[in-house]
């Protein structure tokens, strides 16, 4: 279901100052420096570190709160990289008028030819629904956006958002329900698939009012700042790599070594296939594979 307003926003959605790619590159410029820890966030600090604006982090019990105001947003990244597996987090999104803001939970490798898996939660005016935008980058190429509404209000309570990744497919899940599957069609269609580049797990809150809400027509109302998204219950069950790991294939590429390579994970399965069909029917707002005006020729993964 192509949506003309969405299509317009997609085509101009990223600027160099606010893309996840730019944020990722900026993030790892910090890697050679001592990065401040988040005071009191012991569980968070075991897995992650602030990558920019550490003063915009706050701890409250088991929650790590990321704050956006007119001076800055903030972001974090995992200390290790991962290849294949399952990554999850619980998030409660910015409440009230969140127009112009984006809360992101994603995985990304380094460099211009990076791989990346995105959850981007696009803020909206009070009373209007959040939209969830997902995207897949392979070798530095993205433009694979889908947008969904949700079957609940993501600002009133925590919900679980997960990325499952193995050699056969990538699944984006919300509370265990798949909302999107990106299948490996490398052999059948010649479509590149992320399988060689270890990724970090990242999160951020940032201003994107040039595209995020109604194609950029609704701007961030800074009188409502600070905008706060809360993260908790991080869970990474994946093949972990350290910077000194030389042979990624030996550590993570052996078939049958990890649970996500079991035959039961070769495909989505009947139950989750039904759930995915339900989500697509009721909550899918935009799918790049159905946007013929945007592409002179649909991407190869969209055919067949």
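Glycine is treated like the rest: Cβ placed from N, Cα and C.
Bear in mind that TrEMBL entries carry predicted annotations, made automatically and left uncurated.
Here's what TrEMBL has on this protein:
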- 116: active site, nucleophile (ACT_SITE)
- 120: active site, proton donor (ACT_SITE)
- 28-231: domain 'GH16' (DOMAIN)
- 124: N-linked glycosylation site (CARBOHYD)
- 1-40: signal peptide (SIGNAL)
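Taking all protein chains in view, 22 other C-beta atoms sit within 10 angstroms of the C-beta of residue 120 (active site, proton donor). Computed over the domain 'GH16' (28-231), the whole-number mean pLDDT of the model equals 92.
Around the Cβ of residue 116 (active site, nucleophile), a 10 Å sphere holds 22 further Cβ atoms from the protein chains shown.
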